[in-house]
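Asks: Sharing the record's features from Swiss-Prot:
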ACT_SITE  Cys303  active site, nucleophile
BINDING   Gly246, Ser247, Thr248, Glu249, Val250, Gly251  NAD(+) binding site
MOD_RES   Ser2  N-acetylserine
MOD_RES   Lys91  N6-acetyllysine
MOD_RES   Lys128  N6-acetyllysine
MOD_RES   Lys252  N6-acetyllysine
MOD_RES   Lys353  N6-acetyllysine
MOD_RES   Lys367  N6-acetyllysine
MOD_RES   Lys410  N6-acetyllysine
MOD_RES   Ser413  phosphoserine
MOD_RES   Lys419  N6-acetyllysine
MOD_RES   Lys435  N6-acetyllysine
SITE      Asn170  site 'Transition state stabilizer'
Amino acid sequence: MSSPAQPAVPAPLANLKIQHTKIFINNEWHDSVSSKKFPVLNPATEEVICHVEEGDKADVDKAVKAARQAFQIGSPWRTMDASERGRLLNKLADLMERDRLLLATMESMNAGKVFAHAYLLDVEISIKALQYFAGWADKIHGQTIPSDGNIFTYTRREPIGVCGQIIPWNGPLIIFTWKLGPALSCGNTVVVKPAEQTPLTALHMASLIKEAGFPPGVVNIVPGYGPTAGGAISSHMDIDKVSFTGSTEVGKLIKEAAGKSNLKRVTLELGGKSPCIVFADADLDSAVEFAHQGVFFHQGQICVAASRLFVEESIYDEFVRRSVERAKKYILGNPLNSGINQGPQIDKEQHNKILGLIESGKKEGAKLECGGGRWGNKGFFVQPTVFSNVTDEMRIAKEEIFGPVQQIMKFKSMDDVIKRANNTTYGLAAGVFTKDLDKAITVSSALQAGMVWVNCYLAVPVQCPFGGFKMSGNGRELGEHGLYEYTELKTVAMQISQKNS
């Protein structure tokens, strides 16, 4: 069976004008309390796209008050039929489809995503996430429980309340919908802080949320910096839950702030150093391509990046040769331009961090097969880089690089590679490539990771739970489990005169 044809990709919008740069509270646009603004850059050109209102604690306080008011008993949102919440989410998905070209252009310009990927993948995945959680809205059920004695007992899954949602810069639109969808499906209200590098699609989504008909205060969006706006959300005494996607370092700060404030519920999707294991019996062409995409997609700026590639000894040299050949095919440049398949890193800080880790690989004795430096004179570009002869103690084998850098290591036995793969503080994802079913089941069961792919990589269906073991986070996004992260489970027990079966 042939796979369905991909839709044609139109040209990006020319001369895109940014309409929404203010803080969104109570379905209205606000200047920041401080009157401060911050610049938003195009990482391919280093030029300022626009200036956005800089929210801080005072603005977060305003947003939380609006969200709390919208969550009051008897409010339009609390009394709304669950099916109507689902209809509103589907309406929002329809508006995203209408504005697909605008959203994709904005995501490519602001986040450095290759335009075709933004159009075909980012916007599509975001729409599907909203549609999936829209379907759940009137299917969130409690249970009746046959308890002992003349007691009638049942459970309710209730919305938690006001939820803070802190969005990363590497998937601004996708993660926005992954968090917004389940929160609203369950009946919560939200205060969203997009990453300071990439606030534009979130602010456009605010206009669509109002257009879709969500009541005022249900969704509030406060752009700003992590230590100020993000810190205010994490430590706020009237926010009931915080969900964060980003680095493990910042995740620890958020969990600490949540504990020191009101012990708010916390969901964290954090860093990774994901192993990808290729056995000698694997389909070599397929394994090379999946492993390549697993670390080079979106310039390596993905939390599940296959950044520790273990290849069985007997096929190691050939695998390295093919991987280098594949990496050399990239055409770098402005991701809005046709024919480009690698864009820039998000900002100067990330760009310099990646180049520093590449230098550490050279100094520590890894063999640089290709790339290894900056590309071009303008924009935050890094050459596609492949290292061979990498050993486990090197920094490039231990630290999250978040860039287009592939580390290829050699292994001899299954037992050996399982131990090495698990020898990390992270546990987000892993990949296994083999035609042997016994190997596939044994290794996937042994790996300490929240998502294990077998003979594929980067497949993250919205219907399935996604999240990490160990220091890669707490809780899950997506799927039924991701939905329940936005509910409190209440037991109601009432005395009755006589119980009957």
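One-based numbering along the chain as shown.
The backbone N, Cα and C atoms fix where each Cβ goes, and this holds for glycine too.
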Asks: Going by a 10 angstroms cut-off between Cβ atoms, which of the recorded positions Asn170, Ser247, Thr248, Ser413 has the sparsest surroundings?
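Replies: Among the recorded positions Asn170, Ser247, Thr248, Ser413, the lowest count of other Cβ atoms within 10 Å belongs to Ser413.
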Asks: Would you kindly give the Cα-Cα distance separating Glu249 (NAD(+) binding site) and Lys435 (N6-acetyllysine), rounded to the nearest Å?
Replies: 38
Asks: Which of the modified residues Lys128, Lys367, Ser413 has its Cα closest in space to the Cα of Val250 (NAD(+) binding site)?
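Replies: Sorting the modified residues by distance from Val250 (NAD(+) binding site), the top entry is Lys128.
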Asks: Which are the residues of the chain, Gly246, Ser247, Thr248, Glu249, Val250, Gly251 excluded, whose CB is within 8 A of where the CB atoms of the NAD(+) site average out, their centroid?
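Replies: Neighbours within 8 Å of the Cβ centroid, excluding Gly246, Ser247, Thr248, Glu249, Val250, Gly251: Phe244, Lys252, Leu253, Ile254, Leu270, Gly271.
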Asks: Report the same-chain neighbours of Gly251 (NAD(+) binding site): residues 6+ apart in sequence with Cβ closer than 8 Å to its Cβ, ordered by sequence.
Replies: Phe244, Leu268, Leu270, Gly473
Asks: Of Val250, Cys303, which of the recorded positions has the most Cβ neighbours inside 10 Å?
Replies: Cys303
Asks: Within 10 angstroms of the C-beta of Lys419 (N6-acetyllysine), what count of other C-beta atoms is obtained when all protein chains are considered?
Replies: 12
Asks: Counting every protein chain present, what is the number of Cβ atoms, excluding its own, within 10 Å of the Cβ of Lys252 (N6-acetyllysine)?
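Replies: Excluding its own Cβ, the number within 10 Å is 13.
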